[in-house]
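Annotated features in TrEMBL:
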- His197, His199, Glu203, His242: Mn(2+) 1 binding site (BINDING)
- His380, His382, Glu387, His426: Mn(2+) 2 binding site (BINDING)
- 33-46: compositional bias 'Low complexity' (COMPBIAS)
- 47-64: compositional bias 'Polar residues' (COMPBIAS)
- 153-294: domain 'Cupin type-1' (DOMAIN)
- 335-476: domain 'Cupin type-1' (DOMAIN)
- 19-64: region 'Disordered' (REGION)
- 132-168: region 'Disordered' (REGION)
- 1-16: signal peptide (SIGNAL)
Amino acid sequence: MSVVLVLALACYGAFSAPTPQQSGGVSGGEGGSDAQSSGSALQASSPMTLTSGGRAWPTTSLLGPENNIVSATAESANQPTYTLVPNQEAPADNGMILDFTNEESPQAIRGDNGASDFTGFNAPYDRLNPNAFARPGTDAGDSPNFKWPMGLSSARSGTGGGNPGYARQQNIDELPISQSMAGVDMRLAPNAHRELHWHSANEWSYVFNGSARISAVDPAGRTYVDDIQAGDLWFFPAGIPHSIQASPDGVEFLLVFSQGDFSEDATDLVSELFLRNPKEVLAKNFQTDISDFDNLPQDEKYIFNAAPYPENLTEVQQSVLGPTGQVPSDQAYTYHLSQQEPLQVPGGSIKIVDPTVFPVAENFSVGFFTIEPGAMREIHWHLTSDEWNFFLAGNARITSFTAPESSRTFDFQAGDVGYIPVENAHYIENTGNTTVSYMEVLQAPQYQDMSVSQWLGLTPANVVADTLHLPQSLISRLPKVKNYIVPGNANYSTTNFTVEPSAVVKRKEPMGYSRSSRLF
């Protein structure tokens with residue numbers, strides 16, 4: 001008998017021989033013999049691993065129904081012990097601010113809603129997201145997720161070694177609701193390049209920190225070179241080829257694109273353009289010998305290290321001038337927002353940049369807001385554009401109302417992206433003890449919003465009273481101009497925010513239309 005046949009018979013015997021449990025039969029129910037037969041058939045066809053009386057594979061003897069449940073005592077049930085944070089026992093519909101930051105075991109309790117957490121599986125996430133775990137009682141219906149932490153995006157490295165930089169992105173793959181905009185966080189090491197490239201989408205950028213030199217050429221052959229620093233903006237229309245090189249300090253910046261499905265991995269790169277064309281074609285196009293292309297990079301450069309750029313900006317600008325000159329100043333690709341003073345208001349500050357002052361960014365309107373502890377960006381909505389948010393500092397929450405009867409509240413920290421569909425009413429409230437800084441990016445030719453407070457303040461009082469059953473004392477105080485930001489109280493147990501009439505700042509003109517205010 002061959003060795004193969006012996007092994008086959010041995011394996012058959014191991015898998016077909018009844019286990020002790022099988023030979024003992026199945027008890028405790030009608031049709032025992034059928035169950036035993038069925039179980040044996042299953043066991044015979046399935047490899048079995050036995051450990052100390054245990055069973056790795058299933059058995060039909062465990063099929064329900066079953067009423068033999070062990071009674072749980074307090075000890076055996078392992079009931080969680082916990083404490084509630086301030087405001088957690090307040091009525092759920094009040095939606096008070098909760099701080100789980102230092103809570104070892106956060107609980108999904110708000111007023112009479114929710115229950116204690118048995119497992120504690122996601123305590124680190126629960127600490128960051130109290131309004132998701134113990135959501136306000138006013139949250140209702142089915143609303144899509146509108147938050148994405150950029151920290152959960154995969155960071156793509158540059159090439160060539162030497163830690164040249166990285167990029168990570170948010171698009172509809174990460175946040176499906178973000179249909180009209182996508183974002184990229186990019187870091188360039190000192191002197192590193194973002195390779196010469198162009199996009200099918202418009203590119204708007206805000207510099208987080210550091211500084212860089214950008215260059216571009218328009219269809220008329222006009223050139224543009226400028227140095228930008230933290231707090232500045234640039235904009236490249238779709239199809240405009242450009243480059244970015246970090247200063248010796250390095251740079252990190254945010255990119256916002258006008259397509260929700262934009263991918264940083266699908267950029268048009270000059271290195272790939274050369275690699276994907278015959279060398280004969282390249283030689284003919286550039287009127288040179290084919291040997292000039294023998295040392296082309298064998299892969300895309302993307303982000304890579306380099307020597308510092310020349311210090312004298314003016315000399316570089318002159319060196320690249322063609323017969324059509326430079327891009328005119330009224331079509332400049334940069335805007336030095338770092339030099340624009342914000343408008344200070346009770347509870348925070350505001351800067352607005354839109355095509356009225358940055359014309360080349362013809363469909364990008366952006367509001368930069370700071371919100372002090374306890375204050376909030378008033379309830380509002382936008383008329384023609386979704387709102388793409390990026391949080392630069394602090395802790396905040398947003399409730400987005402989706403008609404007719406749905407809403408959802410999410411918490412935001414620095415590095416988080418938010419996305420509010422057009423016409424969804426929402427607010428941004430500071431929930432921490434430090435200043436919140438964030439931006440609202442719109443695809444619109446002018447920054448506009450609808451303030452709920454101003455709307456009601458400019459509506460006949462009887463209509464407001466009949467509709468909302470509000471007291472006349474409140475209706476008489478409704479503002480007739482936009483507040484943008486409303487102050488609050490850093491004591492997050494406060495429920496009365498009444499402002500005495502004498503303390504209200506009376507403005508004779510709406511904010512945003514006075515050039516001296518520097519809101520625009």
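Including glycine, each Cβ sits where the backbone N, Cα and C put it.
Unlike curated records, TrEMBL annotations are generated automatically.
Projection of TrEMBL feature records onto the structure.
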{"residue": "His197", "record": "Mn(2+) 1 binding site", "CB count, 10 Å": "21"}
{"residue": "His199", "record": "Mn(2+) 1 binding site", "CB count, 10 Å": "22"}
{"residue": "Glu203", "record": "Mn(2+) 1 binding site", "CB count, 10 Å": "24"}
{"residue": "His242", "record": "Mn(2+) 1 binding site", "CB count, 10 Å": "19"}
{"residue": "His380", "record": "Mn(2+) 2 binding site", "CB count, 10 Å": "23"}
{"residue": "His382", "record": "Mn(2+) 2 binding site", "CB count, 10 Å": "23"}
{"residue": "Glu387", "record": "Mn(2+) 2 binding site", "CB count, 10 Å": "26"}
{"residue": "His426", "record": "Mn(2+) 2 binding site", "CB count, 10 Å": "22"}
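Calculated from their C-alpha atoms, the gap between Glu387 (Mn(2+) 2 binding site) and Glu203 (Mn(2+) 1 binding site) amounts to 16 Å. When DSSP labels each residue, the domain 'Cupin type-1' (153-294) comes out as 21 helix, 65 strand, 56 coil, counted as helix, strand and coil in that order. The two recorded residues His382 (Mn(2+) 2 binding site) and Glu203 (Mn(2+) 1 binding site) have their Cα atoms spaced 21 Å from each other. Ranked by Cα separation from His426 (Mn(2+) 2 binding site), the binding-site residues His197, His199, Glu203, His242 are led by Glu203. Helix, strand and coil content of the domain 'Cupin type-1' (335-476), in residues and according to DSSP, is 21 helix, 66 strand, 55 coil.
Neighbouring residues of the recorded Mn(2+) 2 site, listed in sequence order and excluding His380, His382, Glu387, His426, comprise Trp381, Ile420, Asn424, Ala425, Glu440, Asp449 (Cβ within 8 Å of the Cβ centroid).
Taking the C-alpha positions, the distance from Glu203 (Mn(2+) 1 binding site) to His380 (Mn(2+) 2 binding site) comes to 26 Å. Looking just at the domain 'Cupin type-1' (335-476), the mean pLDDT is 98. Same-chain neighbours of the Mn(2+) 1 site beyond His197, His199, Glu203, His242, judged by a C-beta within 8 angstroms of the site's C-beta center, are, in sequence order, Trp198, Phe236, Ile240, Pro241, Thr267, Asp268.
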